[in-house]
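Below: one structure, written as structure tokens.
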Amino acid sequence: MDTQQEQNYSVQEMINQKKSNKSIFNTTEKIVPLFLLLCAIISVLTTIGILFTLLRESVTFFSDVSLAEFYLGTQWSPWSGKFGVFPLIAGTLLVTAIATCVALPIGIASAIYLSEYASTRSRKVIKPILEILAGIPTVVYGFFALTFVTPILQGIFPDLKIFNALSAGIVVGIMITPMIASLSEDAMNAVPNRLREGALALGATKLEVTWKVIIPAALSGIVASIVLAVSRALGETMIVTIAAGATPNLTFNPMESIQTLTAFIVQGATGDTSYGSTIYFSIYAVGITLFIFTFAMNLFAQYISRRFREDY
Amino acid sequence: MQTNTFSINRMRRRVIVNQVFKYIFIFSMSLALLALALLIYRILNQGLGSLNIDFLRQFPAPYPEKAGLFAGIMGSLYLMFLIAPISITIGVSTALYLEEYAAKNKFTRFIQINVQNLAGVPSIVFGLLGLTFFVYLFSLGYTLIAGALTMSLLILPVIVVASQEAIRAVPEDIRAASIAMGATKWQTIWRIVLPASIPGILTGSILALSRAIGETAPLIIVGAAAAIYTIPDSLTSKYTAMPIQIYNWTTRPQEEWQYLAGAGIIVLLIILLLMNSIAIWIRNKFQSRY
């Protein structure tokens, strides 16, 4: 009788304990998702923060300098009160154009070779080596451009300035090459083998298979990789700050020293710019211009890879 | 007969064109590999002469022979120890929310697209964000913590995407098995899903951190200085970092400084190489297939 009661009691106790445990579980089960949601919202807040920052300071800037003066003006010399952003945009586009001319052929050719010609073994070796290029810090590329590429180019073109768009553009091109190569190779690799084999069986050479079957089938991925790489080149900062100079010339001559949007942001933020001055706010106006460029490119890339994806 | 020779000639031409293009492709790819080889050769050539113990122990100085990378190395380490817990906690939590808890609705898709777009924002824009919010609005000034917070936000999207992939790779079966044994949702995540996806999460996080170590532009904007003669002793100390020192030396006209920059780059690249090797090692060692 006694033992029976004791047992009953301990079972009751166990049930009670289980119940209290359950309430701890229940609280954890409720709190954890909330905490995770809060963390997820931080990334949204970051975007809002970026937009807020750029807009608020730009609005202050545009109360000093009119939108028309900023976007239509052709002279950028903030320290003497001339805020026409066009030279900076021209500099950015010039460097990006040179970079694309370097990266596009090399990147696509590498992707074609790796995906269509190389053996599995050499692909496994070469692709990671190419990707090392993508992991090198941009300040290192800047050093390389200024101390190695520029002197070599000066040997070829004696008129070349020490700081010039050409050298910076070439090195930015080297930096974005692995991006095009790697992403395009992924897109080509995703084309199913039966398409390749079908074309080969009809007597096409490898080049014809690549040109007429693989590239059309992988086009959305290839174009998206190029657009992303161009967007990366637009926003690249250190290479152009170190190698392209700080003279906002309105020129499309790659031999000249220029200044890009990003390079001005660095100059404006590090020079003796006081908080609250027009130059300080101009950094944000330049920043929002850059942001709009890269944001449009990124949206475009996402649109292409969604809209034109060929599913097999 | 005539058509036959014609088609044989045509065939031959197609085969030759195929071969020629193969070599054009190989040649173009070699250009990229050559660029990498030249870059490494150039840096070793410039930097090895100045790389010695004193260089690693000395603070920045006005004379090249007295200047060293010590403040930069320590600054980068401190930054890394601050960035890692902040960005990994927030990043992995975001990934867990998106993969395990979020309903498939517009809000979830919005967060997802938002993360993707953040990954494409130029790093210098994050610098501007840090300058407005952390430096001025939160009045942290040009301090270590302001730099660390800025860099954490910068690499957050990379960590989120990598963690999501790792979490998604855990098969539904073992989740279901855990739930069937009476575990709650969070118990399943904490004891089953997270341990199974930790290698992928760590690999992605280390790669993201190595990006933070190499970044220069946002740190310049949020005020990492070049002339720092002490090691940070609190969150609100002034600080420098390796890429800042390298940038500073690169932009000086005298050639001796270029050698120092080269030596600094060697140290930076060795650290990055180590981090990447650890990431690859973790991936190979702990990758379990289901």
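Even glycines carry a Cβ here, placed using N, Cα and C.
TrEMBL annotations: computationally assigned, not manually curated.
Annotated by TrEMBL as transmembrane segment, the relevant range among B:188-209, B:232-253 is B:188-209. If one looks beyond the transmembrane segment (B:188-209) by at least 6 residues along the same chain, the residues whose Cβ comes under 8 Å of a Cβ in the stretch are 80, 83-84, 87-88, 91-92, 95-96, 100, 155, 158-159, 161-163, 165-167, 169-170, 174-175, 178-179, 275-276, 278-280, 282-283, 285-288.
Here the transmembrane segment (B:118-138) has Cβ contacts under 8 Å with residues 145-147, 149-150, 153-154, 156-158, 161, 215, 217-223 of the same chain, all six or more residues outside its ends.
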